[in-house]
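> Before I ask anything, let me first share the structure, which is written out below as structure tokens.
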């Protein structure tokens, strides 16, 4: 194999620091710059989706007062809000943002293994966002097919944006998938190949584990969306009948013959369910690290946490049809998918127990990141429990068209991951910018967002159980089964939503103001063990580590180790003979 | 979706097995378990690993296309749909596809011989064989173009027939992957012609290109078998 070794030789990353502004900040191949670029674009487009949700809430809460959204535009708002939040904000931010920033730094690498591809990934992502935004300006506006883009209505006249809008959406998704594939290849290969000396798999921080597994899921699941996007675009553009059945539209028979809308649903959810975990697994990983660091405790059950991530990743591919209980599928299929859905709750519950046990009797510091991490546990349990209802066919069938579903998925994959995003931004802000944020404003942001989220989504459970249908533009008095309390709840939810949305401006102010005026941050303000806090400079320079790469001697969770001079031991500190045998693992005895 | 689920199970099985091999059972909190810093990564190049991961992604893509193909043919027997795929009218596959298949096999064989000659540091043979492999692949693409034209002007051409639509989609997506491969091939070939680049530096590129060629040949053989049998 000697010749392979020669043939496989890779050149070391050049350490020269790019000098020009364009090479340094725009056309950059540095993973940290690309991470910030990803994050800024994702947050910007996320703000668009947030604004849309506020406008929708104005309509729902005060239907006769504000006339900002016309009835035919309402579906467009729903669609764009959902798609942007799930794909263009959460997926991009967790993998493109945190994945890019954290993987090389936490693993002791200088950069991603394919920096050029990494840069292309960002620019394709930006292109995808621009094409998506172009949908707002094309004739007919963006698609109003719902974020699931179900045919046949997605391409039939009568649905808003059924001509140009849907094509913009499909094209944007296809470009996004290309961007993600380039990024995902990088993340997975970097984890496999670029770990520094001593960084075994079982010493990797759980953040990296979560991002690693989510990237694998994305690489295998996004092709399903790609396939369905291509085939639906062909149905729309040249009149094929992959998904389009023989239907009459506007009183006339369409050209389509016996296409299968169900085929689309299968393809979409074969991507769609793993997508939930593409967002959730990085959140799981990051929150594990936040809890451990700020509770000064080693993570409880590290190996079990890793196994749970793997198990969730594998199982996420066999639960997709629980989104299709009302599609008229064979009841035996429903039984199978309800069973797998309940099985996937087991590793997820293991993680929840381990988080709680990590902070149990810990030296909990209620810092801003910790508040968000604890808030995540509450919210995730809440959303997870309602998932048990919806995972069962007989309960799901009556609830699936109601606000109960809206409440469930917002709690479990909207609010929960975004709480982790906030916690993670606050946690790594000192490393990324070299400045500290304003703690008081951060706490204000947490409490308003956390309590506000409950003010918004708890009443929706109640509305759902009453049978209030989702996706409606308004609830006129003609709908007699809806009691007045629902209208009052809608007003309450809308006011809460606006307060929560306004609070996000405080968050942005805090980030921007602290970047210029915040106090200079300590290189390791949280006294954390992981490698990104041990860089020679803060923020880390190009190449991350100066002349020599770090060497890892221990796992990422040596907190409160008995006998140690401080309550944390960084991963790159060698073992000392002075530590008593059997007490190296940091579990208080 | 059964094909895709089977592939997914296989792929995840490989990942899990692979991580098991990576000693997931170790106890990282014990100092003794890892007293000596261990080496990291695998003894192969990152590019090689990246290629194999990419091939996994492409496999997922084609498995999903084929799942869709079979599901569209059968119209979800399990869902009790009253509609059979009555609009599916099998087409007569153009004869030229056999000729194209031979071209692609030759392309793959030639690429393999280029890989052998680069391993033996035979500069001229490497260049010639690399060039020939690219040429054969281009000929395959031209042949595919002829096959598309043949169907386009045949009596059974209509986008409404899913058999026709799938024929175009499957062959086009495969051709697109080959075109991407040709971009890499062109870079590799150009490097092999340069005087200032030693042959040893293009060895990895030639090896990876040949792996990709064999892979796309396998995909084509699979697609061709499916198209012929339905």
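Note: Cβ is positioned from N, Cα and C throughout, glycine not excepted.
TrEMBL labels come from automatic prediction, so no person has curated them.
Sequence annotations record features per position, and here TrEMBL assigns domain 'Heme-copper oxidase subunit III family profile' to B:1-230. Feature annotation from TrEMBL assigns transmembrane segment to B:6-24, B:49-71, B:96-118, B:130-147, B:167-190, B:211-229.
Tell me about the setting of these features in this model.
In this model, the domain 'Heme-copper oxidase subunit III family profile' (B:1-230) carries an average pLDDT of 86.
Residues 1-4, 7-8, 11, 42, 166, 169-170, 173-174, 177, 208, 211-212, 215, 219, 222-223, 226, 230 of the same chain lie 6 or more positions beyond the ends of the transmembrane segment (B:49-71) yet place their CB under 8 Å from a CB of it.
Within the same chain, residues 125-126, 129-130, 132-134, 136-137, 139-140, 143-144, 146-147, 150, 199, 202-203, 206-207, 209-210, 213-214, 216-217, 220-221, 224, 227 sit at least 6 positions outside the transmembrane segment (B:96-118) and bring their C-beta atoms closer than 8 Å to a C-beta of that stretch.
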> Do any residues of this chain, six or more beyond the ends of the transmembrane segment (B:130-147), have a C-beta under 8 angstroms from a C-beta of it, and if so which?
94, 96-97, 99-100, 103-104, 106-108, 110-111, 114, 171, 175, 178-179, 181-182, 185-186, 188-189, 192, 206, 213
